[in-house]
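Undergrad: So TrEMBL has the following annotated:
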ACT_SITE  HIS178  active site, proton donor
ACT_SITE  GLU309  active site, proton acceptor
BINDING   ASN83, ARG84, HIS178, ALA179, TYR180, ASP245  beta-D-galactose binding site
Amino acid sequence: MTEVRREVFGQMPQEEGGGVVEKFVLKSDTVKVEILSLGCIIAALETKDRDGKFSDVVLGFDTLEGYTRKHPFFGAVVGRVANRIAKGRFTVEGKEYQLFLNNGPNSLHGGARGFDKVLWSPQVLPNGVCFFRLSPDGEESYPGDLKVWVTYTLSGGELAVNYRAQTSKTTPINLTNHAYFNLAGQGSQDVYDHEISIEADAYLPVDDTKIPTGEVAAVQGTGFDLRQPVELGKHLQKFHLDGFDHNFCLQQAQARRLAARARHPPTGRAMEVYTTQPGIQFYTGNNLDGSLKGKGAVVYPKHSAFCLETQNWPDAVNKPHFPSALLRPGEEYNHTTWLLFNAA
């Protein structure tokens, strides 16, 4: 049985439009997750180690104030388009759109005020919570009124996140959750002792602004071959990598399939990621720099967490040979990701 509780988390500042931010606590025997109505943010996720001890394994803040200041999308749902769009520009049905540039020369995670920075309308379910919002035509320069539903449900050790959307005009869309994980417990210094595997035969090389070059490259014989578990710290050293911030190409299928596994041998905690999406962005917190004080007043240095963001391939709206990122009127965008936590 999943227990669902709602409580007030804080009040948005007036300059952000005011409004009450609620927190929804979903609790099973093995997992407890806290989700905010601001940005559908996963603010805490507690899971057991092999001795049955709970620890919070996601980065974030203790108070609303942390989330209303600039932060690297901790735990948030990002959109309308997650990841980067080259030069913030795309053309749909003959019309060119120019987005806000918030990541060097590119647009990242929905622009200046993306889905992570707005209040969503919650509805409590027997085993979770469904958030809704209408992103109006022209919001962040995207076309079409977009209705979006994000549903979190908890069943035993499995957290499911379902994303649905419908539009009034053809629009690019790519939704994901940007949780930062450290299975040793948030506040641990690094993730070098984690074992990671990703079920991908190919990845997308990127230019120096992190935009895919268009090549779909085989992982075989490279540092991107994570098909067998690697110990992260040793692997980065071996291949002289500063970290990962790359899309791995999953099998093209709408069915649920295993995308990635992360394991922390010292505690026994493990997480499996299943999805219907065609890609997964593996990011090792390269831009964390110890300047942010997180939960319990700990700082988050470089490589102190990793993200496994299930999504479409980055800049797909500008790359015709990538899986299509366009949603048309009369269609429904519908993807699910499942995070399965266990300990052994």
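All residue numbers here begin at 1 and follow the chain in the order shown.
Glycine residues also receive a Cβ, built from the backbone N, Cα and C atoms like all the rest.
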Undergrad: Based on Cα distances to the residue listed as 'active site, proton acceptor', point out the closest of the recorded positions ARG84, HIS178, ASP245.
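TA: Out of the listed candidates, the nearest Cα belongs to HIS178.
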Undergrad: Using Cβ atoms only, which residues of the same chain lie under 8 Å from ARG84 (beta-D-galactose binding site) while being at least 6 residues apart in sequence?
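TA: Set apart from ARG84 (beta-D-galactose binding site) by at least 6 residues yet with Cβ under 8 Å, we have ASN103, ASN106, SER107, LEU108, THR209, LYS210, ILE211, PRO314, ASP315.
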Undergrad: Could you tell me the C-alpha distance between ASN83 (beta-D-galactose binding site) and HIS178 (active site, proton donor) in angstrom, no decimals?
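TA: Checking the Cα atoms of ASN83 (beta-D-galactose binding site) and HIS178 (active site, proton donor) gives a distance of 10 Å.
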Undergrad: Tell me the Cα distance separating the residue listed as 'active site, proton donor' from ASP245 (beta-D-galactose binding site), rounded to the nearest angstrom.
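TA: If we compare the Cα positions of ASP245 (beta-D-galactose binding site) and the residue listed as 'active site, proton donor', the gap is 13 Å.
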Undergrad: State, in Å as a whole number, the widest CA to CA span among the beta-D-galactose-binding residues ASN83, ARG84, HIS178, ALA179, TYR180, ASP245 given in the record.
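TA: The beta-D-galactose-binding residues span at most 18 Å between Cα atoms.
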Undergrad: Are there any residues in the same chain, six or more apart in sequence, whose C-beta is under 8 angstroms from the C-beta of ALA179 (beta-D-galactose binding site), and if so which?
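TA: In sequence order, ILE42, LEU45, VAL58, PHE74, GLY75, CYS307 meet the Cβ cut-off.
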Undergrad: What count of other C-beta atoms do you get within 10 angstroms of the C-beta of ASP245 (beta-D-galactose binding site), across all chains shown?
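TA: 18, counting other Cβ atoms within 10 Å of ASP245 (beta-D-galactose binding site).
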Undergrad: Which residues in the same chain, at least 6 apart in sequence, have a Cβ under 8 Å from the Cβ of TYR180 (beta-D-galactose binding site)?
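TA: Long-range Cβ contacts: VAL58, LEU59, GLY60, PRO72, PHE74, GLY75, GLY285, TYR300, ALA305, PHE306, CYS307.
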Undergrad: Sorted by position, what residues of the same chain at least six away from HIS178 (active site, proton donor) have a C-beta under 8 A from it?
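TA: Those within reach of HIS178 (active site, proton donor), by Cβ under 8 Å and sequence separation of 6 or more, are PRO72, PHE73, PHE74, GLY75, ALA76, VAL77, VAL78, ALA82, HIS109, ASP116, CYS307, GLU309.
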